[in-house]
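TrEMBL has this to say about the protein:
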DOMAIN    1-183  domain 'Cytochrome b561'
TRANSMEM  12-32  transmembrane segment
TRANSMEM  53-73  transmembrane segment
TRANSMEM  85-112  transmembrane segment
TRANSMEM  124-146  transmembrane segment
TRANSMEM  158-182  transmembrane segment
Amino acid sequence: MSFYYYVTLYSWHPSFFTLGSLLLMAESILVLSENNVLAFFGLNHQRLVTLHWILQIGSAVAITIGFASISVYKCQHDQTHFDTWHSITGLISVILFIFACLGGVVALYTATFKKLIKPAHVKLAHIIVGILTFVIGIISEIFGIYTRWFLYYCNETVQLVCTLLIVLATVLALQSSLVNAYHRIKRLCHN
């Protein structure tokens, strides 16, 4: 295989993980926020939920491609796996993402499972696991900004600016979800 193949394969990892975890996942979280612009265009809650899971499927595809590309690259180069904070937090976020997706399916069909578990508990668990997934994924993104590969292409000022922008985007994306989780916990405690 050519050098170009490996450089391209390696570059798929940050490209697809950023697309999946930072852009698509953040947008899918924002779709369900109270101040969502799409709600003003006539999309009801059910359509926003549908858009949420469509974006999450796109996120899952992108994250899978990013994960597979770095795994194949490391195997082909006999490099160790999961030996940095970036890779460990990335793996944790991928594992949590699987649970968040499964919880999302259960939350989507909560009426079917209401005899086994209360819909409010399912939705709260989905929100909490989703928030944890997103936060740990963002932490992994930030660790990725401070890897040798990123520093090779960018200087420390770019690293700092990228970190600050990612933290700001994370806070904005999670604001409504955190408030939603708080209100759900408060209702469950009072019932």
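Each position is counted from 1, following the chain as shown.
Glycine is no exception: its Cβ is also placed from the backbone N, Cα and C atoms.
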Mean pLDDT across the domain 'Cytochrome b561' (1-183) comes out at 90
Going along the chain, which residues at least six beyond the ends of the transmembrane segment (85-112) come within the CB cut-off of under 8 Å? 17, 21, 49, 53, 56, 59-60, 63, 67, 119, 122-123, 125-126, 129-130, 132-133, 136-137, 139-140, 143-144, 146-147
Positions on the same chain near the transmembrane segment (12-32), where near means CB under 8 A and six or more residues out: 38, 48-49, 51-53, 55-56, 58-63, 65-67, 69-70, 73, 90, 93, 130, 133-134, 137-138, 140-141, 144, 149-150, 166, 169-170, 173-174, 176-177, 180
